Amino acid sequence: MVETIPGEDCKCHEASSFLDWLKTGMWSHTYQRIPPKENLNQMDVEDVSALLQSSVEEESSNPPWRLSLPYVLVATISSFLFGYHLGVVNEPLESISSDLGFSGDTLAEGLVVSTCLAGAFVGSLFSGWIADGLGRRRAFQLCALPMILGAFVSAKSKTLTGMLLGRILVGTGMGLGPPVASLYVTEISPAFVRGTYGSFIQIATCLGLMGSLLVGIPVKEITGWWRVCFLLSIIPATILCLCMSFCAESPHWLYKRGRITEAEAEFERLLGASHVKSAVAELSKSDRGDDSDSVTISELLHGRHFRVVFIGSALFALQQLSGINAVFYFSSAVFRSAGVPSGLANVFIGVANLSGSIVAMALMDKLGRRVLLLWSFFGMAMSMLLQVASASSYLKGSGALYLSVGGMLM
């Protein structure tokens with residue numbers, strides 16, 4: 001305890017100077033008010049310590065994750081649509097080819113499947129420029145428009161040409177949406193749940209895929225049901241377009257555009273008022289680092305950043321080369337040839353895919369990204385070994401069937 005005793009002005013002066021230093025120096029970023037200078041000589045040192053400790057705890061506490069969650073969920077609708085359009089032709093492909101007059105033409109069937117990916121390639125090339133030029137919210141709305149138009153064209157098409165045109169339009173939106181979603185979710189999420197929120201994107205993709213597989217089950221019993229499958233995708237695309245008008249814009253994008261006041265307002269919506277100053281300070285520090293270490297496109301191809309770009313691109317390429325798209329697009333045909341009802345098979349595929357994503361969400365922020373990548377690629381290698389074993393001449397009958405189905409689900 002420090003008491004004010006007449007004649008000991010020196011001690012009071014030292015205590016006052018020390019507390020002034022605490023107030024105006026290293027603790028100046030705290031939000032809790034420290035009493036005026038004239039009252040400091042009457043304050044208990046223990047009270048000051050408790051006051052400063054509570055300020056530190058307030059500043060170091062995590063922001064409420066519930067504030068940003070609604071915006072994350074809206075953003076993941078684009079990933080849901082990506083998954084939906086990946087699987088929407090899986091079950092109905094036979095009916096589509098029959099109704100449009102190219103039944104038995106494997107090249108035409110392959111084009112119906114792959115044209116969507118060609119459009120996605122084009123959309124992904126421009127996703128970064130659109131997100132930086134128009135903002136994240138406008139980019140989401142722009143990705144929803146070709147999905148709405150393309151789904152309508154596909155549903156109403158009477159020829160193969162009309163179907164391919166619709167698939168290209170849908171693919172353009174598919175390529176634009178998920179990259180922007182990853183960027184947006186990263187920029188609006190509190191750091192301590194960023195990995196978990198990021199996994200929502202994959203879960204939404206799995207749910208979209210599962211939804212398309214389930215919706216396609218009645219296609220054999222109901223004539224023209226495949227058109228309904230395309231039309232249903234217009235609903236979530238419209239919801240995405242409308243809801244983005246009410247979502248928070250990325251504070252990172254606003255700050256880059258020099259709109260500091262708007263960035264602070266969005267941080268308050270996303271993190272709460274008590275975390276605005278620290279978030280802006282962190283963003284300012286990051287921005288200064290970007291200015292002093294700018295990167296050109298040529299450096300991404302052969303400069304000092306090439307290794308990072310190569311590793312990231314290789315991970316995505318190897319994932320695609322595992323044959324996962326063959327499962328998404330042709331699992332119904334594969335399971336039918338194995339004697340498994342396609343409807344039941346599609347349910348199994350969707351549940352397996354979703355289960356893996358849920359596991360990833362639970363472990364993302366606990367084990368880290370690298371461990372999950374290593375084990376997932378190891379699991380993919382094992383599943384392909386099962387597929388190879390099932391196709392060998394040494395295994396026949398039910399043993400080969402079980403290995404093939406098990407490898408596909410794995």
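Positions of Cβ are set from backbone N, Cα and C atoms, glycine also.
TrEMBL: automatically predicted annotations, no manual curation.
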| field | Per TrEMBL, the range holding transmembrane segment, considering 140-162, 163-185 | value | 163-185
| message | Are there residues at least six beyond either end of the transmembrane segment (163-185) with Cβ under 8 Å to its Cβ atoms? List them, or say none. | response | 72, 75-76, 78-79, 81-82, 85, 96, 100, 111-112, 115-128, 130-131, 136, 139-140, 142-147, 149-155, 157, 194, 197-198, 200-201, 205, 230, 233, 237, 250
| task | May I ask for the residues of the chain that lie six or more residues beyond the transmembrane segment (343-364) and have a Cβ under 8 Å from a Cβ within it? | result | 90-91, 195-196, 198-200, 202-203, 205-207, 209-210, 213-214, 216-217, 327-328, 331-332, 334-336, 371-372, 376, 405, 408-410
| request: Flag the pair the transmembrane segment (225-247) / the transmembrane segment (197-219) as in contact if three or more Cβ pairs fall under 8 Å (sequence separation 6 or more). | output: yes
